[in-house]
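Straight from TrEMBL, the features:
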BINDING   B:Lys11, B:Gly12, B:Gly13, B:Val14, B:Gly15, B:Lys16, B:Thr17, B:Thr18  ATP binding site
DOMAIN    B:3-150  domain 'AAA'
Amino acid sequence: MANPPASSAETGAPLRLSGGVFTLSILHLESADPRQLAQRITEERQRHPAAADFHRHAPIVLDLSAIPEEAPLALAEILQVLRAADWFPVGLRNAAPRHQALAQEQHLPILRGQERGIAPHSQPEASPVLAPIAQGSLLIDHPIRGGQRSYARGGDLICLAAVNAGAEIMADGNIHVYGPLRGRALAGVNGQEEARIFCANLEAELVSVAGLYRTLETNHPLWGQAAQIYSRDEQLHIIPLNL
Amino acid sequence: MAKIVVVTSGKGGVGKTTTSAAFASGLALRGYRTVVIDFDVGLRNLDLIMGCERRVVYDLVNVIQGEAKLQQALIRDKRCESLYVLPTSQTRDKDALTTEGVTAIMDELRKEFDYIVCDSPAGIESGALMALYHADEAIVVTNPEVSSVRDSDRILGILAARSRRAEQGEEPVKEHLLLTRYSPKRVEGGEMLSLEDVKELLHTPLLGVIPESEVILQASNQGIPAVHMDHSDVAEAYKDMVARFLGEERPLRFVQPVKVGFFKRLFGG
Ligand SMILES: Nc1ncnc2c1ncn2[C@@H]1O[C@H](COP(=O)(O)OP(=O)(O)OP(=O)(O)O)[C@@H](O)[C@H]1O
Ligand SMILES: [Mg+2]
């Protein structure tokens, strides 16, 4: 039997082990230098605070395909940087054999993604199981209530009902809202500057595209009207949506 | 099998306990075996509104902690044969409720009753979550003001995410909106949100509108649930609401300002 002899003396029940498939974010390590990593994280988070907020406390898989085998890897320090940034490193992938040994010391599992080939600098393809971006859009047909959040990872978010005050919707792509938009809407949260927000009735508390944001008051000229919001030249533009 | 109905709101003081008492009494008047449970541990209001405060010996917390049997804590209502009250404790705090304890009580009550009405505490913390967790249907009590509507919206979101039905992927909790303390005159004067405003903001099927009335104060002072206040607007409005809950059609009443007669206007009324 494949079952380990794990039944507890008191309950007699076997230890429950079951399988599961999880979506994890992958961080592609650019260099082996922990200080450089810390600096890059700080920069990114300043640029895209909304996305940063969303990824806070996320489990992270470290992809080492860009790190050559002979490079000295201060893995313990790198893990420290990630944890200090409120991430939970849960594994490594595409690590060279020497780096795999380091992972074992840190009790980090090696996850099977794309295996490192002979050419160490070849661009890795995203593994289908661990892909950070689930393709496609998110369609919502019921009101999003205050306190609720919805995130279309890797696609557009389309809401056919109201987004109520205090609700927050985010998308890596565009946002379309056909009911009144009264909460917060953040498009392009991973930095896609060409993302836009389209809404049939603009009464939003806050709109944002690729990290640029602004709050709205009831005296806005397009308040209560169909509008689109986009970013150009580091500025957010709100214009009528002529349907 | 009993239906579990939570009366909830998020915001405090909007009329949950008043509604729980009136609604449970209304169901019992229709002949349904009904029990109404006070989940507001530490504040004990329901037994006062139901007029049974002097008959409380054991309460919900005693039952959960195994200090009393459920039958010992249930108080039979003096007006309706088929109505029971399960009061709460005034001396314990909210942490006295446990998920397992509440589940055990619900399972036992389900066998004996047609309806279990849960009077939720205000807020969105553990007490309110306990009260809504087992619900099959929810009556969201809202006053015609922005902060109350916001909190109702929030609690509707929580019902959709944190109830037992949501957690187990069953059909969602059936939601009803009850607008209370409605004053058509103040709506007309622009001081309060209108029924249309609230419906538009919440998108939840309307179960009824209970007018603002001083009869509620008299009723609660005497420990009489509002449905028993014969010939009053509020009693009629609560009876309509019970009828709609049971699937009957009733036109909306008490939503237009009362027209002051010519003579009354002339001579002051
Ligand atoms: N229709 C009404 N007309 C006038 N007063 C009302 C009405 N409904 C409730 N009230 C009054 O509002 C106050 C709060 O009512 P109640 O205790 O039922 O609210 P609650 O939501 O249970 O409060 P809590 O959140 O503290 O539990 C009471 O003083 C009550 O008399
Ligand atoms: Mg109350």
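Cβ coordinates come from backbone N, Cα and C, glycine included.
Those TrEMBL annotations? Automatic predictions, nothing curated.
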Output field, ATP shell: CB within 8 Å of site CB centroid, site B:Lys11, B:Gly12, B:Gly13, B:Val14, B:Gly15, B:Lys16, B:Thr17, B:Thr18 dropped: B:Ser9, B:Thr19, B:Ala122, B:Val141, B:Thr180
In sequence order, those binding-site residues of B:Lys11, B:Gly15, B:Lys16, B:Thr17 whose CB lies under 6 Å from ligand 2: B:Lys16, B:Thr17
Listed binding-site residues adjacent to ligand 1, that is, members of B:Lys11, B:Gly13, B:Val14 whose C-beta is under 6 A away: B:Gly13, B:Val14
Counts of helix, strand and coil residues, the domain 'AAA' (B:3-150), according to DSSP: 60 helix, 28 strand, 60 coil
Cβ neighbour count within 10 Å of B:Gly13 (ATP binding site): 11
The one of B:Gly12, B:Gly15 whose CB sees the fewest other CB atoms within 10 Å, among these binding-site residues: B:Gly12
B:Lys16 (ATP binding site): tally of other CB atoms within 10 A of its CB: 30
All-chain count of other Cβ atoms within 10 Å of B:Lys11 (ATP binding site): 20
